[in-house]
């Protein structure tokens, strides 16, 4: 039997592992549409190609996969300057690469020819995220200005200055070697300008260039070595106009349409979703409801999450039961509580307190008393029956039964001729010694008329006083 159990366990484990291995990932795009370009996944409402079914009906969602790069790079249609590195549906954001601006000086203070100035003109509907990015400038004689392309709508910037490299602090970007500032909300077209107080003449030995760029605040952390070697430290590169330029990641906001959730009467959102207004870009976003995951822009894209299959997704301490869009916690038998972790406001599972077992005591006592009563009754009945049998034997002997038995055994009488009757048989024969059956009475007893079971009529004497000396006369 043991080997059968082991084989059964092995089969169950193999079946579960096979089921996990064959679980298909949730679809991110419509059927028949390409879902990847190089290393970047392309979830709907974004899509490739000329088939309008593959992307939502706005120009900003139609993308191009440029296979002349290795690996292929993803761009918005009509743009080959800012590759898309990631698309987030939950955040409503893209991550693009945007090269840095630089301006360097010779020891004489003149600007070198390897300068490069950043400009950006995003497709309508995209906005540079004002919460995820900052405008950053590096250098010890640097004025950097961020503005719209015409310079008439907005201008912002910062100043970084230092004359001693030892005054520059790693990780600090507060104006000594590095400065940063927030960017306005709703920006989609920018350009960068540089300025200098002394053409880096006081810092040329340790800072001869000015750098300015937009970057994801989660990516950038200033280092003193950036004053001379910042381009080399940027791990992202993008080839533009024949030059392999360092290009930090920049986060861009996007939304569906130009209306918010209240204004839009119809949503592109699928089942088990809700609508959320875009905070920076125009339009709205679709999100899966809590307890569901997948692509909210597909009809059945948001599927139920089995929280119980992943300890990181539920807060049960003992038993977890998955439900549609949620889960329930409970405790096993013998435990008290709601099964929810105390850190989540639950009471957990604790064994029942073993106090004085009053109920068990009452039940046990009652059962014991019942057994004693039953046992006593059985014993009393047995003793009474034994006493009755002894009394009958005693009366049998007193009434000459033994003498009669000896006499019968000493004579050759047939059992049909002479018979010893029991007291019950005599009672039945005399109708329980009915007084109407009395034939006569004397000093030693009463004679009754008896009718046996075979209808024979006999005389039956019931003695009053037993005289042992007269037993032989019976």
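Placed from the backbone N, Cα and C atoms, the Cβ positions cover glycine too.
Whatever TrEMBL says is automated annotation, not expert-curated.
Range annotated as transmembrane segment by TrEMBL, chosen from 315-337, 338-360, 361-383: 361-383.
Other Cβ atoms within 10 Å of the Cβ of residue 462 (ATP binding site) number 14 in total over all chains. Helix, strand and coil content of the domain 'EGF-like' (304-338), in residues and according to DSSP, is 6 helix, 14 strand, 15 coil.
Summarised as a single figure, the pLDDT of the domain 'EGF-like' (304-338) averages 90. Residues 272, 289-293, 344, 346-352 of the same chain lie 6+ residues outside the domain 'EGF-like' (304-338) yet bring a C-beta within less than 8 angstroms of a C-beta in it. According to its DSSP assignment, residue 462 (ATP binding site) is in a strand.
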